[in-house]
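Colleague: Dumping what TrEMBL says about this protein:
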- 1-243: domain 'Deacetylase sirtuin-type' (DOMAIN)
- 23-42, 101-104, 186-188, 212-214, Ala230: NAD(+) binding site (BINDING)
- Tyr67, Arg70: substrate binding site (BINDING)
- His119: active site, proton acceptor (ACT_SITE)
- Cys127, Cys130, Cys146, Cys149: Zn(2+) binding site (BINDING)
Amino acid sequence: MQAELEMVKALLGGDRRVVVLTGAGVSAESGVPTFRGRDGLWKHHRAEDLARPDAFAAHPELVWEFYNWRRRLVGNCYPNAAHLALAAMERQMPNFLLITQNVDGLHARAGSRKVLEMHGSLWQLCCTVCSHAREDFSELPDLPDCPVCGHLLRPGVVWFGEPLVPGVLKLAIEAVAKADVFLSVGTSNLVQPAASFYQLAKDHGAVTVEVNMEPTPNTGFMDFALHGPAGDILPELAGGLAG
Ligand code: NAD
Ligand code: APR
């Protein structure tokens, strides 16, 4: 793998347009559970009970219990070497964009500034009735209510069956289509549309790279597949990049 790693590293130099897509795997080494792996979140919690708008309408207290648990868990985790390497890449590369499916906010805590959070954020709250929305890192009551209109707040995440925020998706697609290098890191590539970004990048001539502990349905279509922990591989890729 060392030779492949050096080849990928060489591709990241200069002013190439580099787009990185991350998934839950990038936060695994921080202690944040992934969704589908061993001990994945959905093994312990039925997603359809928790990550759906109709579930929230029927059992808001159960859904909020799940999200408050995740907020506490992530609040006690710290960015790992992979997050830090991506933040370093952003500082070193003039044309770098990070797109994440993660809602944990760890990329920002690692110092990344240009991050598109495709699935929203655990730290964002939105009113279910009025337009109130805010970032909030505090311990929340069991059923938080809107300070403006008094109705129920919801987590600012995208649930199954909901559309992505159109502006965010548009920016992501534009960047992927213009990328010279597209890196997919720590995602199972099972959730659309992120799982198809590699195809869009490839169609527009990008070199595609996957970093994952194990193969995914996309592995065979990538130009490079680097298998191993993101916390080992990304620092190697970020180290001593040519300007
Ligand atoms: P979809 O899974 O393609 O999701 C629609 C949109 O919502 C996509 O843009 C996706 O990126 C986003 N999204 C989906 N789930 C999300 C989540 N938990 N957090 C953030 N963003 C999310 O389409 P769909 O119709 O919602 O679901 C497709 C199938 O997946 C359905 O048959 C459903 O029963 C099944 N499903 C799977 C799981 C799972 O974890 N494997 C959970 C719930 C539903
Ligand atoms: N380094 C690299 N990859 C890793 C590591 C690691 N240390 N640990 C786990 N992985 C890989 C796993 O092999 C797996 O392919 O990370 C991937 C995690 O996949 P999922 O748990 O399915 O997470 P993700 O792809 O982000 O899920 C997409 O689904 O439920 C929704 O909204 C949720 O955003 C999430 C979306």
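Even glycines carry a Cβ here, placed using N, Cα and C.
A quick note: this is a predicted structure, and the numbers were derived from the prediction, not measured.
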Colleague: Rounded to the nearest angstrom, how far is the Cα of the residue listed as 'active site, proton acceptor' from the Cα of Met213 (NAD(+) binding site)?
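Modeller: About 22 Å separate the Cα atoms of these two residues.
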Colleague: Scan Gly23, Gln101, Cys130, Gly186 for binding-site residues whose C-beta lands under 6 Å from an atom of ligand 2 and note them, or write none.
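Modeller: Near the molecule: Gly23, Gln101, Gly186.
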Colleague: Report the recorded positions (His119, Cys146, Met213) that meet this criterion: Cβ distance to the nearest atom of ligand 1 under 6 Å. Use sequence order and write none if nothing qualifies.
Modeller: His119
Colleague: Check the Cα distances from the residue listed as 'active site, proton acceptor' to each of the binding-site residues Gly31, Phe35, Arg70, Cys130, Cys146 and keep only the ones within 10 Å.
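Modeller: Those near the residue listed as 'active site, proton acceptor' - Cα within 10 Å - do not exist; the answer is none.
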Colleague: Could you check which of the binding-site residues Tyr67, Arg70, Cys130, Cys146, Cys149 is the closest Cα neighbour of Gly23 (NAD(+) binding site)?
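Modeller: Nearest listed residue in space: Arg70.
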Colleague: When the Cα of Cys146 (Zn(2+) binding site) is compared with the Cα of each of the binding-site residues Ser27, Tyr67, Arg70, Gly186, which one is closest?
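Modeller: Out of the listed candidates, the nearest Cα belongs to Tyr67.
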Colleague: What three-state class does DSSP give Cys127 (Zn(2+) binding site)?
Modeller: strand
Colleague: Starting from the Zn(2+) site formed by Cys127, Cys130, Cys146, Cys149, give every other residue of that chain whose CB sits within 8 Å of the mean position of their CB atoms, in sequence order.
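Modeller: For the Zn(2+) site the neighbour list reads Thr128, Val129, Ser131, His132, Pro147, Val148, Gly150, His151, Leu153.
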Colleague: Between Gln101 (NAD(+) binding site) and Tyr67 (substrate binding site), what is the CA-CA distance rounded to a whole number of Å?
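Modeller: It is 16 Å, counting Cα to Cα.
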Colleague: Could you measure between Cys130 (Zn(2+) binding site) and Tyr67 (substrate binding site) for me? Cα positions, answer in whole angstrom.
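Modeller: That separation, Cα to Cα, works out to 21 Å.
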